[in-house]
Structure formats: C-alpha cells, structure tokens
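Undergrad: Before anything else, here's the structure in question.
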Amino acid sequence: MANWTQLGLQDASSPLMEELIYFHDYTLIILTLITILVFYGLASLLFSSNTNRFFLEGQGLETVWTIIPAVILIFIALPSLQLLYLMDEVNNPYLTIKAIGHQWYWSYEYADYRELEFDSYMIPTSDLTSGNPRLLEVDNRLTLPAQTPIRVLVSSADVLHSWAIPSLGIKMDAVPGRLNQVNFFISRCGLFYGQCSEICGANHSFMPIVIESVNFSTFETWVSNFITE
C-alpha cells in the first residue's frame, strides 16, 4: 500500500512487479541522459558565439542523429517486449479465481472449490476500526496462498471495470460478456490493496480490492472453515 510522502512505486510483491520496477528505473536513466543532452545542446546554442549562420546541411550529423535514436529505441523496446511476454505467460496455475465487477463491488468465485464464493464490499468510513485504511478496506478479503501460481479470470456483470493491484503489477479490464485472464505469483504473505481502475459510475472510487496472502496451510484451513460455515 502507498504511504504518505511516497514518491516512487509501491514495494514489489511479485516477480512481475520487480521486473516492472527494474524497467521503469532503466528507462528513467535513459530519459535523464537524453534530457541532459538536449539541454546541453540548447544551452550551447544560446550562449555560444561560434554559431555558423550559413550552415545548410551536414550528412554526417544527420546520419548520427538518425542512428542514435534508433539504437536507443531498440534498447528500450527489447526489455519492454520481454515484459509483455512475461505478463501473458501461463505457468500451470494451481488456483483459479473468477473476479466479477459490479456497480459497485466485487464478487469472487474459487473455481477449484465448490460453494466457495462471496461478495466484497467497501467498509464505510463510519464502520472502520482503528488501523484500517479509509476507502480501501472491505468486508470480505480475497484470501490467496503465497508462493503459488494463481490465475484470475476477470469479467463484469454490468459496465466496464478494471481489477488492479499495484504492488503485484496487475491491471486487467473487466468487460461485460468477456473473460480476461491474468496470472501472478505472490512473493510474500501480507495485505495488498487495489481499486477499480476504470471509471464505472458515481461510486467508482468506492469499490476497493484487498488480497490477503497467507501460507498454504493457513489457506487450506481458511477454505475448510469457509465451506463448513
């Protein structure tokens, strides 16, 4: 979850988010160097008296400023393509969840277990207990095992929604009449917060997502208790 005065991205809680942060930092370094070079060129042009006013063409210079940007784009595109393929990779998920967006709450179905489904509503500010984040806590958290390949099928029962967990590097649109798939691997136990990231009506800001990641034995106990209840 993001904290006050936090300027960077949230701490990565999945291998995919780690790769996204590496790519962000790598691209930022390249953009910083380009910005410094451009400002240096502008400063040299403005404050130098050695400008040749009759300089009409320069084949060598034109070749350089064509090749160098092309090389820079290649160095940005290759890691980006690798990430795109990594996002779509399916590694035999152990658990499949179906997340359905509604106005304005989420419902979850555990496809591998019978009668394991529930709705998840935001807890109003007046009902929050001490320590719970405002507009982010829900009455029923999505409980998932850590260190386990997971697949989530995302859809919608009414309008467009988007199921997004920033610390896991996940954002998948929920489209009525269509199933979209997202795969992830949670690296550690903890609470991970997200929100609907597609404007879906008056209460768009009030349909948060909370994943509670636990170890596998705790998850099996939770499943057994939920079904018996």
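Including glycine, each Cβ sits where the backbone N, Cα and C put it.
Copied straight from Swiss-Prot:
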- H161, C196, C200, M207: Cu cation A1 binding site (BINDING)
- C196, E198, C200, H204: Cu cation A2 binding site (BINDING)
- E198: Mg(2+) binding site (BINDING)
- 1-26: topological domain 'Mitochondrial intermembrane' (TOPO_DOM)
- 49-62: topological domain 'Mitochondrial matrix' (TOPO_DOM)
- 83-229: topological domain 'Mitochondrial intermembrane' (TOPO_DOM)
- 27-48: transmembrane segment (TRANSMEM)
- 63-82: transmembrane segment (TRANSMEM)
Undergrad: Out of C196, C200, give me whichever of these binding-site residues has the highest number of other Cβ atoms within 10 Å.
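TA: Checking each of C196, C200, the winner is C196.
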Undergrad: When the number of other CB atoms within 10 A of each residue's CB is tallied over all shown chains, which of the binding-site residues H161, H204 has the maximum?
TA: H161
Undergrad: Using a Cβ cut-off under 8 Å, which residues of the same chain at least 6 positions beyond either end of the topological domain 'Mitochondrial intermembrane' (1-26) come close to it?
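TA: Answer is 79-80, 83, 86-87, 133, 136, 166-170, 184-188, 190-193, 213.
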Undergrad: According to DSSP, does E198 (Cu cation A2 binding site) fall in a helix, a strand, or coil?
TA: coil
Undergrad: At a 10 Å cut-off from the C-beta of M207 (Cu cation A1 binding site), count the other C-beta atoms across all protein chains.
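TA: Looking across every protein chain shown, the total is 23.
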Undergrad: Taking only same-chain residues 6+ apart in sequence, whose CB is under 8 Å from that of E198 (Cu cation A2 binding site), what do you get?
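TA: L160, H161, S162, D173, A174, H204 - these are the non-local Cβ neighbours of E198 (Cu cation A2 binding site), listed in sequence order.
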Undergrad: What other residues of the same chain, not counting C196, E198, C200, H204, have a CB atom within 8 A of the CB centroid of the Cu cation A2 site?
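TA: In sequence order, the nearby non-listed residues are G101, W104, V159, L160, H161, S162, S197, I199, G201, M207.
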Undergrad: Around the Cu cation A1 site formed by H161, C196, C200, M207, which additional residues qualify by having Cβ within 8 Å of the site's Cβ center?
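TA: Residues close to the Cu cation A1 site, other than H161, C196, C200, M207: G101, Q103, W104, W106, S162, A174, Q195, S197, E198, G201, H204.
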Undergrad: Counting by DSSP, what is the helix, strand and coil composition of the topological domain 'Mitochondrial intermembrane' (83-229)?
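TA: Split into helix, strand and coil, the topological domain 'Mitochondrial intermembrane' (83-229) gives 28 helix, 63 strand, 56 coil.
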